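Written below as structure tokens is the structure these notes are about.
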Amino acid sequence: MISRRLQALQSVPRYAGDDVNEQILDAIRQDKIRAMSGASDEPYFGRLDFQEEKEQDVRPLYIGKLGMEDDKSGQPLVVDWRAPVASLFYSFNGGEGNASYEAPDGLIEGLVYLKRNLVIRKQILQRVVDTYDRSSDNPAVTDEFLLYRLGENKDNKLRDIVSTIQAEQDQIIRSVKNTALIIQGVAGSGKTTVALHRLAYLLYQYRDQIRAERMIILAPNRMFLDYISSVLPELGVGHIQQTTFEDWALETLDDRLSLADEAKRLERWFAYGGDKLELNDEAPGRFKGSVRFMHAIGAALDEFETGFVPDGDFDPWPGARLPRAKIKEWFFEEYKHYPLMKRKERLEGRIKRWLEMELNETRDPNVRKDRKKKGSQKLKTYLKLWPDDTVFTFYRSLFLQPGSDKSGSSGSGKSADKTVRRNLPGLDIPAAVADESERAYRSRRVFPEDLAPMLYISERLYGIDGNRTFDHVVVDEAQDFSPLQVAVLNRYVRNGSFTILGDLSQGIHAYKGIRSWKEFVSLFDSGASGYYTLERSYRSTMEIIRFANLVLAGGIPNAMQAVPVFRSGEKVKVLRHAPEARNSTIVRAVRKLMSGTASTVAVIGRTEAECKDVHTMLLREDISATLIDSQRNKYEGGLSVVPVYLAKGLEFDAVILIDADAAHYGGNEHDAKLLYVGCTRALHELWVLHAGEATPLIAGMDDEYSKYSPV
Ligand SMILES: Nc1ncnc2c1ncn2[C@@H]1O[C@H](COP(=O)(O)OP(=O)(O)OP(=O)(O)O)[C@@H](O)[C@H]1O
């Protein structure tokens, strides 16, 4: 039947005309064709036999990515995985008693008889696993099918998990829309995947209220966006905006700004040993991302508003006078609901209308002509007294230091001359921050941490364009976001509908990110946010997770530990090599792992420069590999060489962590987080290489790995 419907849709010719309605219908048809093609190859992946209380029959439900009804009877043939009844498939955890799900009409209870997973590829049934069978001798729900899925190799894209969503993940996916979900999840707990499934769920459940184009995913970089780009199409969802906060903010601000090159900063922060960026609340990212900075800017804007209307009345010619008190009344009372610059625009129109009326009272045509000329000149002069700040000039004025050059280029010469120094009430900008900022602003360059405060100012000056608001916002890797970024996003999203997810243990950008989720929770009214934790890790084998947990505990004793699923693999291998044998050891390890079952392998180093050298060395050895640096937009799969801080969010069948010595990774919190990120990228195999003394983070855990010396 699916094939029949698909054929019917495919037989409609594509529309190539200019009629917008027809274009929309054509786009809808194409989306349907895509979804149905998938459903025709793999119509369902699950079966649940359920007997509703008070019903005689046990009904088999087939669950798939796309719901399908019988043409004649209207009875469901396949239930969409997002439908209320399908939640039973995910939440049912065994047991003799009743299971239940929340239907639109209330709670439905009943007995589950069978929970079956099926793998169908290209219409051929490949695998059947009963994870629960009430009639068997031992009717407990097993993880067999999940383990089978987790044991598979990965290619270069994140995949959907509809057939094996776990109960704790399902609870998040199906949470109500108008709440800010904040999720702390250990590495590999499925945070990114769950967020994407949640979007598909929200679009299904609230289809009359929200639109895909009005949803946005904010992720750390373009390569990561490419890596996750397959999941939504696999779930039959298109058109959701996927971008970075920086790209979104620059586009929204539309103020001809460019970002200062961050490479130097990152190099300094991620260098080992040596001098680091300061890690306190005076660090630029922490300071400019703080709520106290936002409040101080708010107070500066209040002062700006108070002094907005210039001194003096408007008197275009003798006898005509528009008192300042009247202008203030219009500005502060009648137009108070408009943003400041809109009020200015309105006032200009209003004063022009007042002038017209005054002119109409002048009978003599010659006098009128003269007054008209005078009036418009006077108005021009008067309007020049009004502030003409842009977001950038206002923001910049907060950083000008006493005696600094006020005529520095800030766009138009006129506003540069008017750039005055403004106070930040109740807050001193740390000298180093003011200095660095002022130097960058002179050439209209800003830092990523400047974007959120500028968006905050933009709202007060110009308001938020209704076309730019969102129905839902997903913030991935949110531990690297600042409270001010989330506060600003909250102005752009309707009803505080957020999914905010991250892992504090992977907070390797601590110079800008948060220390505790409370920093976000406190931004929302009580009851407007929900906090969840995900502790089970699905990506890596038990051996890798145990090893990674110990690494983390070595630097952060009270960090949340990941709970592995019961998937056992090879022991982690720690290889000590002579310093001069580093390259040959890497080459041998790469060759060994690439010739095995792994489809994706990563060599993870500490710095970008070191990875570049390793990449060149591998190419010399005729081993083709991709270097992942901060400029890369696409993840290619195969063999990658990647600095540890850019590996965050990605995963590989096998990982070779190089230079795990005491010099590259000390025993401190920052290095523990970095090494933890590195270890948890591996699905099946983890090799750790070092020369000389190993990092203290892996000291004392001999039982957790096999030692080789050398390969
Ligand atoms: N229920 C599940 N069934 C099958 N695979 C799952 C499940 N949950 C997560 N996974 C797999 O675990 C891996 C990790 O998922 P994901 O990248 O979404 O986790 P994460 O919490 O965002 O990780 P990290 O913080 O380390 O980047 C992916 O390969 C994903 O497919």
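Here the Cβ of each residue, glycine as well, is placed from N, Cα and C on the backbone.
The ATP binding site feature in TrEMBL is assigned to G185, V186, A187, G188, S189, G190, K191, T192. DSSP assigns G185 (ATP binding site) to a strand in the three-state reduction. Counting every protein chain shown, the Cβ of G185 (ATP binding site) has 25 other Cβ atoms within 10 Å.
Taken from TrEMBL, the feature domain 'UvrD-like helicase ATP-binding' applies to 164-541.
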For K191 (ATP binding site), which residues of its chain lie six or more apart in sequence with Cβ-Cβ distance below 8 Å?
I183, G185, D476, L501, G502, D503, L534
Model confidence over the domain 'UvrD-like helicase ATP-binding' (164-541) (mean pLDDT, whole number)
90
CB-centroid shell, 8 A cutoff, ATP site G185, V186, A187, G188, S189, G190, K191, T192, site residues removed:
D503, L534, S537, Y538, R539
Looking at the binding-site residues V186, A187, which one has the fewest other Cβ atoms within 10 Å of its own Cβ?
A187
If you count the C-beta atoms lying within 10 Å of each candidate's C-beta, which of the binding-site residues S189, T192 ends up with the smallest number?
T192
